[in-house]
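Chemist: So TrEMBL says this about it:
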DOMAIN    6-76  domain 'Release factor glutamine methyltransferase N-terminal'
DOMAIN    113-193  domain 'Methyltransferase small'
BINDING   121, 122, 123, 124, 125, 144, 173, 187  S-adenosyl-L-methionine binding site
BINDING   187, 188, 189, 190  substrate binding site
Ligand SMILES: C[S@@+](CC[C@H](N)C(=O)[O-])C[C@H]1O[C@@H](n2cnc3c(N)ncnc32)[C@H](O)[C@@H]1O
């Protein structure tokens, strides 16, 4: 039998040999999940023996990581806005830069509250549920074209305690949606179709194509979003949409063509890339 410490250092070494970017961090997360440890247990008790079952579970996880599977896919969950989201095969892994949309919403609404929120292309439900965690008086609807993503989002909503405030539904953008909303959030698919094959294998092989494919010019979903926002925004409502790198001017053009006003410039993410575009009626 091996100790926790031995397994951790062996795991770091295996991931380092595989030339992964963050071997220490990845190994710690995988050891924590495979051995079912709390943060405190991961730090302390490092000379305790690990059962053969747990050790073989960890071995399986390390092999998957060495083959290039993202850590979030291996453990089946990802943190977003301080909440833990379960993933499914049809959901994107929530990205840290998408949190910029929530920051933009907090900045735009200040002490006010968006009472009715719509999340178009909800995936795991991370944007809607993250936003609702900030506004106790808000409620919302998350839609997605992928039925299995909607099931995952609904399960996340229940598990995180948003029953009664968050509803999830299958819909092609706002097709199955009625009424108007104070805030529409969306992180749409925005990768140029011809660029998809150039994406890193971690994305290309593990994120669902419906979450990536922005059509021939990367803007197909923004055209649908602009039309949906023109129909569904309340008079003082805001659309906050995520941008791909370099898309700000093109997306602003799509919004203006639909008769919407852009509150530029877009809010940058932590890497300084314009990321969250705020749009009004
Ligand atoms: C980039 S992912 C974003 C997922 C999630 N909001 C997030 O930020 O992690 C885009 C999402 O849009 C959904 N989608 C693609 N086309 C759609 C459509 N026509 N109607 C509704 N949702 C769509 C995809 O299934 C995917 O879940």
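The first residue you see is number 1, and the count goes up from there.
Glycine too: its Cβ is placed from the backbone N, Cα and C atoms.
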Chemist: Write down the Cα-Cα distance for residue 188 (substrate binding site) and residue 122 (S-adenosyl-L-methionine binding site), rounded and given in Å.
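Modeler: Answer for this pair: 9 Å between alpha carbons.
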Chemist: As a quick check of your reading of DSSP, tell me how many residues in the domain 'Methyltransferase small' (113-193) are helical, how many are strand and how many are coil.
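Modeler: Per DSSP, the residues of the domain 'Methyltransferase small' (113-193) fall into 23 helix, 23 strand, 35 coil.
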Chemist: For the recorded substrate site, enumerate neighbouring residues of the same chain (Cβ within 8 Å of the Cβ centroid of 187, 188, 189, 190, site residues themselves excluded), in sequence order.
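Modeler: Result: 121, 186, 211, 214, 221, 222, 242, 244.
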Chemist: Are there residues of the same chain, six or more positions away from residue 144 (S-adenosyl-L-methionine binding site), whose CB falls under 8 angstroms from its CB, and which are they?
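Modeler: Result: 121, 122, 123, 150, 153, 168, 170, 171.
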Chemist: Sorry to bug you, but what's the C-alpha spacing from residue 125 (S-adenosyl-L-methionine binding site) to residue 190 (substrate binding site), rounded to the closest Å?
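Modeler: Rounded to the nearest whole number, the Cα-Cα distance is 18 Å.
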Chemist: Rounded to a whole number, what is the top Cα to Cα distance in Å among the residues the record ties to S-adenosyl-L-methionine, namely 121, 122, 123, 124, 125, 144, 173, 187?
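Modeler: Max span of the S-adenosyl-L-methionine binding residues, Cα based, is 16 Å.
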Chemist: Write out how many residues of the domain 'Release factor glutamine methyltransferase N-terminal' (6-76) are helix, how many strand and how many coil, based on DSSP.
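Modeler: Split into helix, strand and coil, the domain 'Release factor glutamine methyltransferase N-terminal' (6-76) gives 49 helix, 1 strand, 21 coil.
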Chemist: Could you state the CA-to-CA distance between residue 188 (substrate binding site) and residue 125 (S-adenosyl-L-methionine binding site) to the nearest Å?
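Modeler: Per the Cα atoms, residue 188 (substrate binding site) and residue 125 (S-adenosyl-L-methionine binding site) stand 13 Å apart.
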